[in-house]
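Straight from TrEMBL, the features:
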ACT_SITE  Glu517  active site, nucleophile
COMPBIAS  134-175  compositional bias 'Low complexity'
COMPBIAS  231-276  compositional bias 'Low complexity'
DOMAIN    29-133  domain 'CBM2'
DOMAIN    182-212  domain 'CBM10'
DOMAIN    298-616  domain 'GH10'
REGION    134-176  region 'Disordered'
REGION    226-277  region 'Disordered'
Amino acid sequence: MIKLRQSIHGALARTVGIISISTGLVLAAQTASAACEYTVTNSWGSGFTASIRITNDTGSAVNGWAVNWQYANGNRVTNSWNATLSGNNPYSASNIGWNGGIQPGQSVEFGFQGTANGAAETPAVTGAVCATGSSSSSSSSSSSSSSSSSSSSSSSSSSSSSTSSSSSSSSSSSSGANCVEMCKWYQDAPRPLCNNQNSGWGWENNQSCIGRATCESQPSNAGGVVNSCPSSSSSSSSSSSSSSSSSSSSSSSSSSSTSSSSSSTSSTSSSSSSSSGSAANLYTLADFPIGVAVTAGNESRSFLSIAAKEATVKKHFDQITAGNIMKMSYLHPSENSYTFSQADAMVNWANSNGVSVHGHTFIWHSDYQVPNWMNNYSGNFASMMDTHVTTIADHFEGRVVSWDVVNEAIDESQSSCYRNSLFYQRLGKAYIANAFRAARAADPSVELYYNDYDTEGGNANKLNCLLQLVDDLQANNVPIDGVGFQMHVQIDWPSTSNIAAAFQAIVDRGLKVKITELDVPINNPYGSGSFPQYSTYTSQAAALQKARYKSIVKTYLTVVPAHLRGGLTVWGIWDGDSWLLDFDNRQGADDWPLLFSGPANGPYVEKEAFYGVAEALTE
């Protein structure tokens, strides 16, 4: 967990929509015209998401592109992804480095979110890359949520012909390109089907793909195999798992540390009245650990001091992670002194109640967690750090099943990919390998993870740095068992396909994948639009959150084979205890990121998000 973060995401992080890229990223020296298509992917009265697809329907490669569009009425773009956006109605967008090349028959797609004063518009798209003339078509897909309504998807395209096809089974389009079968994966835009494998996620023709059997395994109201015609918007799909625009408001009141309590409780009817009512034990639905982060020891509101918290942990989770009390400053406050009493009490409780413990963490750079004495240490720093890790790992041997050995060592803005922390300044990147080796020597049976945030695919540079770190460790025979993805995600960012690709990259390296700190806030402070997007926990917000949790868990199950599933941990028991409520960038706004609503001391009530997880585990 991160108390104070620098900008968590870069420009791409300021998105809340769902994105898809359907392209081979091969650059060519020639340029060519293409079909440019604008599609409204979702609208809800006051806002919309949309995408523009550029399809190369010529015989020559496109090398770099730029497009323009303008709204006639009140639509305005607030943020975008996978393109460089400029202007303020009219708008211009151009490629970013890696998606500028479009081979014949291939396409790229970028997306954006905006505000609307009425209906979402479908303007014409122009630009040198776009062929003259225009054609348009529309398709609609129903959204499934606790309050159902349909979400229409309309499109306007510019191509070399003015004719259009609106049939999903059409074998041709206005540009002459054939319709192809693709996979609609939950909220994502259609993705390519794999030709060389029938299940799982793959990589073919320089892009990720989905096996047909995997695509067809989704619930019928979530997605499936669809027909896609590159230069018309004609595609027919099952209903999306994103929410409809229907919502019901509930009153809220806020006050300092319990700001989320009243709003969480006041919306109980919309957030917890799921089809199955009170659920059975959540952890029994999975064959891997289902965990939760807890406050413990002398911390305020320790789960062992509030009966409803303890009962909720015992009922629904079979693993716990200490939010704070197993970090460096708690366990090793002075050079020759270790304080284990608080952590021991928590671990002993867990062991006595059949609950496993994931240790968090041997090494973390955060100023408030690095003991002061370490900053001023003048002796053999490498030896001191080895002793630090060895002593803690040895103390908990046989009682803790896994550890985040090193937490958040990556800084993708550095050419080295490594954060310029105290540990890096003293030892370079070797401190990471040293820590893994010391932990393995002290506890040969414990699972060892590297853990970080913003690595789940939306931030490509950080994911690449993660893979570089992992490859370096494996090349040097460092005993790493898996990678922890914190998964502090936004409601629609990153896309599930990006998450799947990130998981797949770790699976391909033979390592376990563990979701370590999952939460899904409703409001996105990184968007350029009005914040917060929701001031109360409405039925629409609940449905969006349920769909998001469900798609994440479903993607985890689909991509990660059973023997590489390290587990899934939610970062907190109930909304009012979430660290996000104190995060500076959230400006004190209420939010409801977790699986349970209040009141503060319980009983805690399962939200729609809880049932999203349960459904993903059982379908």
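Note: Cβ is positioned from N, Cα and C throughout, glycine not excepted.
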If you count the other CB atoms within 10 A of the CB of Glu517 (active site, nucleophile), including all protein chains displayed, you should get 25
Residues in the domain 'CBM2' (29-133) per DSSP class, helix first, strand next, coil last, are 3 helix, 52 strand, 50 coil
Here the mean pLDDT of the domain 'GH10' (298-616) is 95
